[in-house]
Amino acid sequence: MTIIAPSLLSSDTFQLEKQLQEIKSAGANYLHVDVMDGHYVSNINFGPKYVKDLRPHTDLTLDCHVMAEQPEAIIDSLMEAGADIITFHPETTRHAYRLIEHIHEQGKKAGIAFDPSVAIAAYRDLLPLADQVLIMTVTPGFGGQKFIPDMLEKVQEVTELKAQNYYGYDIEVDGGINDKTGSQCKKSGANVLVAGSYVFAGSIKENIAQLK
Ligand SMILES: O=C(CO)[C@@H](O)[C@H](O)COP(=O)(O)O
């Protein structure tokens, strides 16, 4: 089954309640929430307060992608606010292994995210612990960017490592995902598709059906 994770970044804040219902009835599974700090990436958007406010309005899995330096400073607040999955970039913290353990101790799922410039080999030792591996298919920071086809090799690499070692992680892709690139990613092994601009432009129902 393909898990569909519409990205909150592309939603219309003033239509959010309606759009949350639309994505849910169209079959979305997660709501992907980008948490940015203006340092690791140059954009700033949602934080723990937003996640806390959002939580009573949706039963979709809140899939928080933390794009921040020293993610340990914000992760506890996100988990307390109701985040279900916390994914961070391992190069942003000194003790990534410990941080995954800490997320698990709070009963949450932990993901590791790979910027297009970061090799899987650099964080190979984290793979057995991860519930989710996020392959960024654009440089993180903004919605509406063009998919980087070379990242399909990275998706294949984590797919092979998963099969060879019986790892349990989901493989998520994020950035420039639409019906065509989503299909390529699925063929390469991805089972979680994050999509922002594609889902929220036009008919949410049809767009999610295409992704599925
Ligand atoms: O993490 C990010 C951007 O850094 C994403 O989650 C975007 O929100 C994806 O937007 P589209 O590329 O699908 O428009």
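The backbone N, Cα and C atoms fix where each Cβ goes, glycine too.
TrEMBL has this to say about the protein:
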{"type": "BINDING", "residues": "Ser7, His65, Gly141, Phe142, Gly143, Gly144, Asp174, Gly175, Gly176, Gly196, Ser197", "note": "substrate binding site"}
{"type": "BINDING", "residues": "His32, Asp34, His65, Asp174", "note": "divalent metal cation binding site"}
{"type": "ACT_SITE", "residues": "Asp34", "note": "active site, proton acceptor"}
{"type": "ACT_SITE", "residues": "Asp174", "note": "active site, proton donor"}
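Features as recorded by TrEMBL, highlighted on the structure.
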residue: Ser7; record: substrate binding site; Cβ within 10 Å: 24
residue: His32; record: divalent metal cation binding site; Cβ within 10 Å: 29
residue: Asp34; record: divalent metal cation binding site; Cβ within 10 Å: 24
residue: His65; record: divalent metal cation binding site; Cβ within 10 Å: 27
residue: Gly141; record: substrate binding site; Cβ within 10 Å: 16
residue: Gly143; record: substrate binding site; Cβ within 10 Å: 19
residue: Asp174; record: substrate binding site; Cβ within 10 Å: 28
residue: Gly176; record: substrate binding site; Cβ within 10 Å: 23
residue: Ser197; record: substrate binding site; Cβ within 10 Å: 16
Statement: The binding-site residues listed are Asp174, Gly176, Ser197; by CA-CA distance, the one closest to Asp34 (divalent metal cation binding site) is Asp174
Shell of the divalent metal cation site beyond His32, Asp34, His65, Asp174, same chain only (C-beta within 8 angstroms of their C-beta centre): Ala5, Ser7, Leu9, Val33, Asp63, Cys64, Thr87, Leu134, Val194
Message: With DSSP assignments reduced to helix, strand and coil, which class does Gly141 (substrate binding site) get?
response: coil
- request: Looking only at C-alpha atoms, tell me how far Asp174 (substrate binding site) is from His65 (divalent metal cation binding site), rounded to the nearest Å.
  value: 10
Field: For Asp34 (divalent metal cation binding site): DSSP state (helix, strand, coil)
entry: strand
Query: In Å, rounded, how far does the Cα of Gly176 (substrate binding site) sit from the Cα of His65 (divalent metal cation binding site)?
result: 16
